[in-house]
Every structure is written in C-alpha cells, then in structure tokens.
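Student: Take a look at this one; I'll ask things after.
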Amino acid sequence: MAVFDDVRDVVVEQLSVDPEAVKMESKIIEDLGADSLDVVELVMALEEKFEVEIPDTEAEKLISIADVVNYIEKLGK
C-alpha cells in the first residue's frame, strides 16, 4: 500500500482534506470536493511526486483514488 500512502499524502496536501476521508474508493471530485483546477494541480503534484508524466487523456480517466493508485503502479513506480 506504499503507493496508496504516497497518493493519499499528495491528495491531503493538495485538497486540504482529512486523511481519513481518502480511501481507495473515494472519487476525487464527488467525494473529496475537487474542482477542475484542483484536479489539474493534483495531477501536476502526482507527476512531481512519482516522477511520471500523466497525459491529459489519461488524467481524465482518473476518477477515484484507486484509479490513480492503479495507474501509478502500472507505470512501475
């Protein structure tokens, strides 16, 4: 769950949400209250944290925390 922990840390910092609110099934917009600008900033922070590039076409598919974790794990980070 190391990737989840790192993703949670980034989400908590970027969205100013309680760490307990960030679960694998949490939806970034619906559950965590992010708007479109928050999502862009979150993707940029994730790219920096994991040293990856997330194309816009892929970022649009990242709806939940699980989507983010699975995508980053798929990249081998």
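Note: Cβ is positioned from N, Cα and C throughout, glycine not excepted.
Taken from Swiss-Prot, the feature domain 'Carrier' covers 1-76. Taken from Swiss-Prot, the feature O-(pantetheine 4'-phosphoryl)serine covers SER36.
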Student: Taking the Cβ of SER36 (O-(pantetheine 4'-phosphoryl)serine) as the centre, how many other Cβ atoms fall within a 10 Å radius?
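Tutor: I get 8 for this one.
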Student: With DSSP, how much of the domain 'Carrier' (1-76) is helix, how much strand and how much coil, in residues?
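Tutor: Taking each residue of the domain 'Carrier' (1-76) in turn, the totals are 46 helix, 2 strand, 28 coil.
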Student: What mean pLDDT score does the domain 'Carrier' (1-76) have in the model?
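Tutor: Average per-residue pLDDT within the domain 'Carrier' (1-76): 96.
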